[in-house]
Every structure is written in C-alpha cells, then in structure tokens.
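Per TrEMBL, these features apply:
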type     : residues : note
ACT_SITE : K231     : active site, schiff-base intermediate with substrate
ACT_SITE : K285     : active site, schiff-base intermediate with substrate
BINDING  : E270     : Mg(2+) binding site
REGION   : 20-43    : region 'Disordered'
Amino acid sequence: MFETGFEECAMPIPFARPRPVNLDPMGRSDSATRLDLTHRPRRNRKSDWTRRLTRENTLTVADLIWPVFVMDGSEARSPVGSMPGVERLSVDQAVREAERAAELGIPALALFPYTDPELRTVDGREALNRDNLVCRALRAIKDAVPEIGLITDVALDPYTSHGHDGLLSPDGRILNDETIAVLIEQSLVQADAGADVIAPSDMMDGRVGAIRRALDAEGHLDAQILAYSAKYASAFYGPFRDAVGSTGCLKGDKRTYQMDPANGTEALREAALDIEEGADMLMVKPGMPYLDIVWRLKDTFGLPTFAYQVSGEYAMIEAAARNGWLDGEKAMMESLMAFKRAGADGVLTYFAPRVAEKLAREA
C-alpha cells in the first residue's frame, strides 16, 4: 500500500466489478451495466460552458510581459535566426511595437539591447552611457506611450567583450563586489532615462540591496526592483545570446554565479535574501523546467512572482510547430497556462503579442 498524501481527506469511492456491456439496437448500454458511482468528475467536463465555469486558472493579457530586442539604426528590423518570428528592432520600430502593445493591453515591455560589437569592452562601460541604446529606447517609448511599463535588464553581458554578466579578475574569476559598483551606476542611468522596473539578472551577491539604496538616495523611490532571484545556469538561453550578440563572446560558462539546475531549496534562500534587501518582485528563469520553483517561491513568500519563458522554450515550440510536430497555438497557450497554474503572477514571453491578439479575438 503506497501513500498518496491525500489519505485524510480522501472520499471513499465505491467500485463495482465490470460486467459485459449489452448494447441495444440504438447503441445504448443496458442500465444493469452502470457502475454505482457517487462521484463522476467527468460531469464538470461535459461541455464548454461547464469547463469554463469550473476552470481554476485563467490567462489574461494582464499576465503578459513582452521582451523586446533593440538595435541601432532607423526603420530597421532584423530577424533572430534561432527565434522564428522574433526580430531586433531599431528604436523607432520599438516605439511602434510599444504602441501596438498598449493597444492590445499588454502591461509592460522588457528591453534588451543588441550592442554593436565595437562598443563591447572588457569592463562593459557602454552600460553606463546615458545615451546608450537602452536609454534612447526608454526615452522614446516613454515619450510616445507613457502608460506602458518599461523593465530594464541590469547585467553587463550585453556590453562586455567576454560575454559575462560581471567584471573579470586577471585569472578569469567574476568579481562580485566590483561588479555591483558598476551595476549600481547602470541602474541609476536606466532609472534616470525612464525605466519603471529595474531587473538585475546578474546573480551577484548583495546587488539588490545595493541598488535599492542607490535608487532611494537619488530620489527614485518609486522605481521597482524585479529580482532575478532564481536564475539557473541553463542550456535554454542559447537563442537569447544570439539575439543580443553575446554567443561568440562568451568565454567559459556562468556556473560560478548562476544557480545549479539540481538545486531547489537554494532558490528559497536566494529569494529570502533578495526580499530582505528590498526586492518588490521575484523572477524565475527559465520557466517551464522550473515550475516547481515558481510554486515554491510564491507559496513561501507571497510576493509577486514572475516566470521567464526563455528563448530556448520559445524556439522549441516554434520549431516543432513549423515542422508540423505539434499544434503551435495550442502548445503556446498550454505552456503559459502552466505558469499560471504554478502560481506565477505574470510571464515574460516572446509569444506576448500573439497571445494578446488571440485573447482579443476570443473576448
């Protein structure tokens, strides 16, 4: 006898020995073959209206955050080869998509830059340029669509020549405290340019508290911090690195600062520290392989918790759909509902505009 964990609340369900089914000429079964069941869960699934009435979770456009890649240029769009349907956008095109997002009801965009390789340096100094790509995009979008939320990534990997999220020591180690000093300045530059939410994804120890203190000291009391509290050293980031141009730059891996995929309780410790340091919201990245972490963080802390359906997750669904191996639209919606069921308050997803359009059609 195995334990299910539901023994105390389980309801006794009578079972009867199956009997041969006798069908009349109309194909109906003899009533004598019916089981004497008190509970028939299928009753609640019998038709669309009752399935909708008894649905435990719903997905709305308010649950969506749209990650957008920006690049230099004018009237320019560049497809990301490993992410079918996703493009890098010049700032003017990003403004147009922000207007579209607002019309669809998408609450926020998350901006990520494709930095000119010539601007990448060992110390990532372009991150501190007040007229860098992200800052220009922030100002332009805020001027055109002030009502949409703008989330900015705080990390150095889009700006470093080595592709790491932090500064390197001469022997190749990631320097924690020295990196945080740069991340503080990066956060202030972004907040000054109009970022609503600062999202440190670097995974340096203590960066949330340091950034919070700096933002407050400079008068950015309302700037929120979305902490990437559980960011794993994952194989699912490959297409994203293509999109921001860091694939060829990266030397080694990021396992000394991103989390081990084998660890779950560690995510609780990381989140607890970030909350203590002033995080307003938590992020789990990647999403689908870490639904258990989404659930544990939300269940433990109750803070707004988001999941990032990362580039590799998106690319898998798109590739399978384009090869006819699955129904892409159904897989898209099912995957997003899984995040909601796991407790996510929202999802960063490259599917955001498509989902928003689908929800609008069905409204």
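Using N, Cα and C of the backbone, Cβ positions are placed for all residues, glycine too.
Cα separation, K231 (active site, schiff-base intermediate with substrate) to the residue listed as 'Mg(2+) binding site', rounded: 10 Å. Cα to Cα, E270 (Mg(2+) binding site) and K285 (active site, schiff-base intermediate with substrate) are separated by 13 Å. Under a cutoff of 8 A between CB atoms, and with a sequence separation of 6+ in the same chain, the neighbours of K285 (active site, schiff-base intermediate with substrate) are S201, Y228, A230, K231, Y232, S234, A307, Y308, V310. Cβ contacts within 10 Å of the residue listed as 'Mg(2+) binding site', excluding its own Cβ and spanning all protein chains shown: 22.
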